[in-house]
Amino acid sequence: MGLSQTLLVYALLCVHIGLSQHYLRLRPSPSDHLPVPGIKEDPDPEYDPREQDMAERTLRKKLGSNFDPNFMSISSPMQVNLSASDYQVKLQGPMPNEIKKLDLTETPYGKRVKVGKKARRKFLQWLWTYTHCPVMYTWKDLGVRFWPRYIKEGTCFSERSCSFPEGMSCKPAKSITKIFLRWYCQGFLRQKYCTWIQVQYPIISECKCSC
């Protein structure tokens with residue numbers, strides 16, 4: 001292979017890698033780690049949607065029934081700063097069976113102890129509160145290349161251990177997927193073609209105390 005052919009192959013390879021990297025920035029990369037880290041964007045404003053591309057009526061129609069006002073916002077939502085205690089005390093649903101069925105009368109050495117119903121109920125309630133792992137939601141700005149631009153993203157409380165004795169921590173257990181519109185451009189500069197496409201965005205929906 002001559003030098004000119006080698007340079008041509010190298011140039012084509014560089015173009016291919018560049019296009020692939022641009023495509024990787026198109027949507028959140030699949031990952032076992034949630035919430036999704038920030039997406040690296042090409043800072044060139046040429047890849048931003050124009051004003052005529054941001055018609056709300058058209059975008060709502062394109063997104064259709066996937067628009068979820070509980071997790072999406074077109075305009076910047078007001079942030080409400082909640083402390084950890086605000087999340088910890090709001091226990092929803094029935095007490096978990098693994099806590100409810102604990103036998104507090106038997107020790108590891110076979111000796112039995114007496115525990116009154118009231119004391120048992122209070123201890124189990126305390127244990128449930130202590131090991132509870134709430135999903136803490138905050139609004140995140142995805143930038144102008146997503147529509148709706150704002151997403152309510154979940155995180156797991158991680159300021160302390162959730163087990164007794166300590167050692168375990170709150171980690172994502174389940175997630176839900178929301179559909180957003182993503183502004184996607186192909187090509188370069190004046191010859192590029194841009195349009196809105198649907199992309200999936202995973203959001204933490206449940207956290208559990210685990211190793």
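The backbone N, Cα and C atoms fix where each Cβ goes, glycine too.
Note that the structure is predicted; figures quoted are calculated from it, not measured.
Now, the feature entries from TrEMBL:
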- 39-52: compositional bias 'Basic and acidic residues' (COMPBIAS)
- Cys133-Cys170: disulfide bond (DISULFID)
- Cys156-Cys207: disulfide bond (DISULFID)
- Cys162-Cys209: disulfide bond (DISULFID)
- Cys185-Cys194: disulfide bond (DISULFID)
- 30-52: region 'Disordered' (REGION)
- 1-20: signal peptide (SIGNAL)
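Counting in whole angstrom, Cys170 (disulfide bond) lies 6 from Cys156 (disulfide bond) by their C-alpha atoms. Spacing of Cys207 (disulfide bond) relative to Cys185 (disulfide bond) is 36 Å (Cα to Cα, whole number). Note on proximity: of the disulfide-bonded residues Cys133, Cys185, Cys194, the one nearest Cys209 (disulfide bond) is Cys133, by Cα distance. Distance noted between the C-alpha atoms of Cys162 (disulfide bond) and Cys133 (disulfide bond) is 7 Å. The C-beta environment of Cys194 (disulfide bond), restricted to residues of the same chain at least 6 apart in sequence and closer than 8 Å, consists of Tyr47, Pro49, Asp53, Trp183, Tyr184, Cys185, Gln186. Here the Cα atom of Cys133 (disulfide bond) is found 7 Å from that of Cys156 (disulfide bond). Counting only same-chain residues at least 6 apart in sequence, those with a Cβ under 8 Å from the Cβ of Cys156 (disulfide bond) are Cys133, Val135, Met136, Cys170, Lys171, Pro172, Ile204, Cys207. With every protein chain in view, the residue among the disulfide-bonded residues Cys207, Cys209 whose Cβ has the most Cβ partners within 10 Å turns out to be Cys207.
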